[in-house]
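Listed in TrEMBL for this protein:
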type     : residues  : note
TRANSMEM : B:20-39   : transmembrane segment
TRANSMEM : B:51-68   : transmembrane segment
TRANSMEM : B:74-95   : transmembrane segment
TRANSMEM : B:107-128 : transmembrane segment
TRANSMEM : B:134-155 : transmembrane segment
TRANSMEM : B:187-205 : transmembrane segment
TRANSMEM : B:231-249 : transmembrane segment
TRANSMEM : B:270-303 : transmembrane segment
TRANSMEM : B:315-333 : transmembrane segment
Amino acid sequence: MNTQASKKSNVSKWLVDNVIYVVLILLVVGIVIASPDFLSMTNLINILSQSSSRIIIALGVAGILITAGTDLSAGRMVGLAAVISASLLQATDYAYKMYPNLPDLPLFVPILVAMAATGLIATLNGIVVSKLHVPPFIATLGMMIGVYGLTSIYFDRPPYGAQPIGGLSEKFTNFAQRGIPVGSYEIPYLVIYAIITTVIIWVIWNKTQLGKNMYAIGGNPEAAKVSGVNVARNIIIIYMIAGLLYGFSGTLEAGRVGSATNNTGNMYELDAIAACVVGGVSLSGGIGTVPGVVTGVLIFQIINYGLAFLGVSPYIQYIVKGLIIVVAVAFDMRKHAKKK
Amino acid sequence: MNTQASKKSNVSKWLVDNVIYVVLILLVVGIVIASPDFLSMTNLINILSQSSSRIIIALGVAGILITAGTDLSAGRMVGLAAVISASLLQATDYAYKMYPNLPDLPLFVPILVAMAATGLIATLNGIVVSKLHVPPFIATLGMMIGVYGLTSIYFDRPPYGAQPIGGLSEKFTNFAQRGIPVGSYEIPYLVIYAIITTVIIWVIWNKTQLGKNMYAIGGNPEAAKVSGVNVARNIIIIYMIAGLLYGFSGTLEAGRVGSATNNTGNMYELDAIAACVVGGVSLSGGIGTVPGVVTGVLIFQIINYGLAFLGVSPYIQYIVKGLIIVVAVAFDMRKHAKKK
Amino acid sequence: MSEASTTNLLEMQNITKRFPGVIALNNVSLKVKAGSVHALMGENGAGKSTLMKCLFGIYSMDEGKILFEGKEVAFTNSKQALENGVSMVHQELNQVRQQNVMDNIWLGRYPKKSIFIDEKKMYQDTVAIFKSLDINVDPRSKVSTLSVSEMQMVEIAKAVSYGSKIIVMDEPTSSLTENEVDHLFKIIRRLQSENVAIIYISHKMEEILKISDEVTIMRDGQYIATKSSNELTTDEIIKLMVGRDLSQRFPAKVNKPEDIILKVSDLTAETQPSFSNVNFELRKGEILGIAGLVGSKRTEVVEALFGIRALKSGTIELNGKVIKNHSPQQAIKNGFALVTEERRSTGIFPDLSVSFNSIISNMKQYKTKSGFLSNRKVADDTQWVIESMQVKTPSQKTLIGSLSGGNQQKVIIGRWLLTTPDILLLDEPTRGIDVGAKFEIYQLINQLAADGKGIIMISSEMPELLGVTDRILVMSNGRAAGIVETRETSQEEIMRLAALY
Amino acid sequence: SSSTGGTDSGKGKDGDLPRVGATIYKFDDNFMSYVRRAMQTSAKDKVDLMLNDSQNDQAKQIEQVDTLIAKGAKSLAINLVDPKSAQTIIDKAKPKGIPVIFFNKEPDASVLAGYDKAYYVGTTSSESGVIQGELIAKAWEANKDKWDKNKDGKLQYVLLKGEPGHPDAEARTKFAIDTIKAKGIQVDELALDTAMWDATKATEKMDAWLAKYSDKIEFVIANNDGMALGAISSLEKAGYFSGDKFMPVVGVDAIPEALEMIEKGKMVGTVLNDAKNQGKATVELAANAAKGKDVLDGTSWKLDDKKAVRVPYVEVTKDNIQVGRDAYK
Ligand SMILES: Nc1ncnc2c1ncn2[C@@H]1O[C@H](COP(=O)(O)OP(=O)(O)OP(=O)(O)O)[C@@H](O)[C@H]1O
Ligand SMILES: Nc1ncnc2c1ncn2[C@@H]1O[C@H](COP(=O)(O)OP(=O)(O)OP(=O)(O)O)[C@@H](O)[C@H]1O
Ligand SMILES: [Mg+2]
Ligand SMILES: [Mg+2]
C-alpha cells in the first residue's frame, strides 16, 4: 500500500516537476489528433530548423534572465548582425551590391564582423547594467531603440538607399539553407549549429565558474558579492556571450531568409523571453536550465507551426497562442506552489 | 562653515533625489538652446495634449508595476477600446459605417462599453496573475497576443474589411480634439481629462486602503499576506483599474486621431513602462509616485516632440532617444547607490 | 512566575504536516493555558515555526485539529487568525521596508474615515501604542532606515496592538540586546497580567527559564514533552531537545595564541557616522570576540576588513605586510572569510541547492585541468560540509531555502571553511541556532583556532563571548572602548565599556 | 464566422480542389485586406486557398512556405514581405517543381527569369509614387495662386514617410518627389520624418511641424492614407479646413475614410491600387499553375516581357471619386 501510494505520488511529483515536457507532448498529440498527417519527417525537420536560430537567441537571453536581467535589444541586435553579414556577403555579380567593389569574402569574416558588433553592443549593455546600475529593462530598451537607429543608418545608404539587402552569395545561403543528406531527407545545418551552440552553453552553465556565478548573481546578488564573486565582470561577460549568440543567429537569419532589412529580428526578444519563461526560467533570476529553454522554444514553434499547419485562421491563431502560453505556464507554476 | 557645507550637501541631496525633474528641465533648456522658438505656448499645449492619453495609460501601468507586476497587454487593450468606441461613434451620414443601422449614440455609451471590455480583460489578467500565480510578464504577454487577435477579428469584418474605422461623429472628435478657450489659446479637453485622472489616481494611491495595500504587496507580499491583506483581491482590483484607464485612453486615442485600427496602441506599453521607470517607479515593486509617473511621461514626450521639432533626422532620433533614456535613469539610480 | 489559569486557551492536537520529501510535523500536540508564557523548544528544523504557521493559517495541516477557546478552528489565512485573537511575531522579519512604520503596523486593518484612510488616527494610535510599550521609534520614519533591533521591536508592537488573546513570538530576541530583551520581558509580563497567552520560541536557554511558565519540547518533527519550567534545568531541556546529554555548554579550549598575524591600526570608515580610529591585533590561533551594543558598528568593522565597506584611513597589516582589501575577492585572496550577520539577505541563495550554497566561494578549487568544474570534487566538498557541520538536509540537491534557519547557517559556515581561510570573521555566527548546533560550532571555532587560524567573532550573547574567546574587543558607538582578556573580565566590565561613549 | 478565416485544413468540400498556398505580407494592411477578399472570392469552388499572415516578418513567411509545401500545396501565391527574398522562396519551390506567383511586391527581374514557373502579378512599386507625384503637380499648377503662400514659386512640403526601409515607403517617397521635380516644379523640403504608417504618430509629427513652420507649409505628402488622415486631424485642430484656411494633403491607398475626406474637400487626392483585379489575377494564375495548365489559360491577362501581369494604379480625386467607391462594392 504504502509503496504504491508513494510510487503514485512520485509519478505525480515527476509530472509536476516536468510539466513543460508534458505540455510539449500534449501539444503534439493534440495536433496529431486534429490532423494525423502532422506526424511526418518533413514537419519534424521544418520545426527543428525553424527553432534553430530562435534557440540560439533564447539561450543568450536566458543567461541574462538568470542573472535577473533582461534584454529587450536582442531582436534589434539580430537585425544589425543580419544587415552587416548580408551586406558583406552579396554575390560578386549581383547588380545592387552595397559595396560594389567588395571582393568575395570567406564566410567566416562577415560572421565574425557581425558577432563582434553585437558582442560589443551587448557588452555595453552589461556595463550600463552592472556599473551604472541602470535597470536592465531600461538599459536594453534604450539600446533597442538606439540599435535600430544605427542599423537603419547602416542600411539606408547610397548607392541604393533603404533597399532590402539581397543577392546573397550562394556560399552564404547554402550555409544556412542546406543540410546533410540522411536517407531521403536532409538534416539542416541550422539544426546542427543549434545543437552545437546548445552543448556549448550547457557546458558553460553547468561546468564552469562563470555558470555558477551566473546563478549566484541571479539568486542573490548581495550574497554573491560577499561570496567573492566579481558581480560586474560576470554580468558583463554574460551579456557579451548573449551578444555573440545574437550575432551568430542574425547571420543565420540573413542566410536563411536570403535577405535582410533593418526590420529583421524585430520583436524576437519578446518571443525569446516568453519561450524562456515557458521553459522554466525565472524572471527574478537564479533559475533556469538549458533543456528547459530549448523545450520552451520548441513549444512556441510547435504552436506556431502546428496552428498554421492545421489551417487555423490567422486571427484565431493569436487567441489560441495566447491561451496556450498562459495555460502552460499556469500548470508549470504548480510546482512552485509552496503553500498548502 | 559647517552650515554652509551642510547647505551645499542639502542642495546636492535634493538634486540627487529629484533627478528626474532636473532631467526634465535640462531637456527643455537643451532644446530651447538648439531652437529658441521651441519656447511657445503652442508647443507647450501640443506636448501636454500629446502626453495626456499616455499619462492615463502610464498611471494604469504604474499601479501594476508597484504591485511588482507588469502589463504587456496595455497597448493592445488601448487598441481594442479605440476600435470599439470608434465603431460605435461613426457619424450617422458616413458612407462606410461598420454598423450601417446604428443610431447616434450618446457619447458616454461607447466610452462605457470600451471601458467595460478592457476592464474585464484586465480583471482576467489580475485573476491569472494572483490566483493561478502565472508571472505577470507571461500572463499579460499571452493577453497581449490574444487581445490583438480579438481586436483584429472585431476590426477586420464585412462590409469593409480591414479599413481604419473613421468618419467619427463630430461630437466624438470634439470631445477629444477641442478645448476650453483661454485668451487666444485653447486648453485641450485631453489635458483636463488627464489632470482629473491624475488627481483620482493620486487619491487612490495615497489616501485609500487599496493604495497602501498596493505598495505593501509590491514591497513585501509575504508581509502583506501575514498581516491579513487579501493579496489576490487587491491585485485584481489594481489590474481592473488599469484596464479601465486603458479603455478610457483608447477612446481618447480614437477621438484624437479621428480613426482607429487594430494596430492602434501597438507597443504603447513599452513606452508606458519605460516612462514609469524613468519617473522613478521600481520594476521590483513597492516604489513609485504619481508626480514621478507624470514627469516620466512628459520627459518621453518632450524627447519625441522636441526631436521632431528640431528636425533631427529620423534615424538619429532613435539613437538620441535611446541615449537620453539610459542617461536619465543612470543619473536617477545614483540616489539608490548605497554608499558604503 | 505568575499564576497561570488552568483552562487551556489553545489545544493543538495530533498535528501532522508534510512537505515534499519531509515530514515537518508528525503527530504533534500543544496545550497552552490562558495568561501563561509557553516556551516551544527544539533544535533547528524541529518544526517549531511550521507548527505555528499551521496555527496561523499560513500552512494548512494535513492531519489533526486545533481547539481555540474550546471551539475547533482551522484558519485558512492570516486574516482569520488575526481577527479571532491570534497574532504572531514572525521568525523572519516580515516588513514592507519601503513604507513607514505606521503603515506597517496598521497594514491589513487601516483605520478609515469614509473611504479614505485616517492618517491622523493612525499616527495617534501608533504613538499611543509605542508610548504604552515604551518604544522610541518615529511612526513616520521609513522601515528601511531602522536598525534591525528597532524593526524587531516594531514587529513586537504590531503583534501586541491586535489585542489578541494569544501571541506567538518566533525568536523575537534574535536581534535584540540585553536591555531590549528586558524591555520585551516587561511587555510580556504586562500582557500576561491581562490574561494574554504567549507562545515563545527561542534558542536562548537563559531567557526560557526566566520568562516561561511551561515548556514544550520538540525533536525532529515530533512531540517530546511538556513540563513546567519550575521543574526544569538548562541541562534537562538540552537533553530532551538533543536526545542525549550535553554536560557542558562550551567545549574546553584547546587553542594557543601565537604570533600576531593581523594588525589593524587607526581604521576609520569613509562614510560617517560609522567607526573611527579602531586599533587591535589578532594572533594566530586566537579567538578575538567583539562585543558591543547593537549599532556600535561592529558589523561595519568586519565589513571593512572584508572589503565591502570603504575606508577613509587606517592600515591593515597581514603578517607584517600592509594589505588592501578593496573587494571581497581581494579579501578572499588574502585569506579572509566572512560569515555575515544577515543570513537571508547576504548569505544564502534560497532557490539554489545546498551543494551550490556550499561551494560558491571556493569555485577555483574545483577546476580541473581543462578549466571545467569537477562534479566529484564538488560533491565531496558538499558532503564534507553536510557531515562536519551536521546539516540536516534530505540531499545535496535540496534547495537551501527549504531548510530551517539553523541548518542554513551551518551551510554558510561550511562554505567559508572550505576556502581554508587564515582569518575567519564571524558576525553573530550562532544567531538563531539551537544549543546542540551551537556546541558544534564552538567546537569548530576552537578547532580552527587550534589549527592556527585567527578568528574574529562578533556576538551579542555575552555568555558565548565569555565561553569561547581569548580576548574581547568592546565597541562603543563606533569606537574601540577597550580590549579585555576573557579570563580576567566579567559581564559587568564589558557592559561598562560598551556604554563608555 | 468572419471573413478572416480563409484557410481550411483540406477536409470537406474543398478537399478535392487543388491546393494553393498563399501568404499575405500583413493581413491587416488595409489594401491587402481587399486583395485577400478578392482572392477568396475568386478561389471559391476553384481552388483550396490556404491563406497565411506573414505579420510583416520575412522569416515568418519563409517558415509558412515550408509549412505550405509540407501540406502539399500545388502552387504558391506569395505576397513578399521583403522583395529581395524571392530567391529563397524559389529555392524552396523549385526542387519540388511548385510554381510560384508573386503578387503585389515585385521581385528582381533576374530572379523571376531564373525559374520558369515563377510569375508576378501587381504594379510597379514606383508607380504609386509617380502617380502621386503627378497628382500633386497637377493640383499645384491649378491652384498655385492660392497654395503658394509665400509666392516664391516653390512648393514647400512636409512628408510623412512609412516605415523606413519598407520598399513602398522608399519608392513612394522617392518617386513622388522626383515626379514633381520632373514636371518642372521647384520644391523645398521643410521636414521629412517617419510616422511608421501610423495615424497617431502622423498627428503628433504634424502638431510639431505646424508649431514650427505654421503657414510656411504648402503641401502635406503622406506615404499612405492612414498618415494623411492623422495629419488632417492635426490640421483641423490648428483651424484648417474651416473658413478659407486650407492645406492640400495627399495619400496613397484610397481607403474609404480618405474618399470621404476627398469628398469633403479636406484631401486633394489619393492613389488607388486595384485590389480586385490583383487578387483575381493572382488566384487565376495560381489555379492554372496548380492544375499544371498554362498560367494564362482561359484568362484575359497578358504577361509582359518580365513574366508579369501588370494591374495599373489609378489616381483618385474629387473628379473621379466614383472609381474609388466602386472598388468597395
Ligand atoms: N516550505 C517548506 N518546504 C519544504 N520543507 C519545509 C518548508 N518549511 C519548513 N520545511 C521543513 O520543515 C522542517 C521544520 O522546519 P521549521 O522551520 O519549522 O523548523 P524550526 O523548528 O522552526 O527551526 P529553527 O529553530 O531553525 O527556526 C525542516 O526540516 C524544514 O526543512
Ligand atoms: N540606517 C541604516 N540603513 C541601512 N542599513 C543599516 C542602517 N543602520 C545599520 N544598518 C546595517 O545594519 C547592520 C548593523 O549595523 P551596525 O554595524 O551599526 O551594528 P552592529 O554594532 O554591528 O550591531 P549588530 O551586532 O546587531 O550587527 C549593518 O550591516 C548596517 O549596514
Ligand atoms: Mg523556526
Ligand atoms: Mg552587526
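Using the three backbone atoms N, Cα and C, a Cβ is placed for every residue, glycine included.
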Listed stretch, out of B:20-39, B:231-249, B:270-303, B:315-333, that has the most CB pairs under 8 angstroms to the transmembrane segment (B:74-95): B:231-249
Residue numbers, six or more beyond the limits of the transmembrane segment (B:134-155), whose CB comes under 8 Å of its CB atoms: 64, 68-77, 79-80, 83-84, 87, 121, 124-125, 128, 162, 165, 261-262, 269
The transmembrane segment (B:270-303) and the transmembrane segment (B:187-205) contact flag, 3+ Cβ pairs under 8 angstroms: yes
For the transmembrane segment (B:51-68), distant same-chain residues with Cβ under 8 A (at least six beyond the ends): 74-75, 78, 136, 188, 190-191, 193-194, 197-198, 201, 205, 214-215, 217-218, 221, 234-235, 238-239, 241-246, 248-249, 252-253, 256, 268-269, 271-273, 275-277, 279, 281-288, 290, 293-294, 296-298, 300-301
Residues of the parent chain within Cβ reach of the transmembrane segment (B:20-39), under 8 Å, 6 or more residues beyond its termini: 278-280, 292, 295-296, 298-299, 302-303, 306, 309-310, 324, 328, 331-332
Winner by Cβ pairs under 8 Å against the transmembrane segment (B:231-249), considering only B:107-128, B:187-205, B:315-333: B:107-128
Intrachain neighbours beyond the transmembrane segment (B:315-333), with Cβ under 8 angstroms and 6 or more residues off its ends: 19-20, 22-23, 27, 274, 277-278, 280, 299-300, 303-304, 307-308
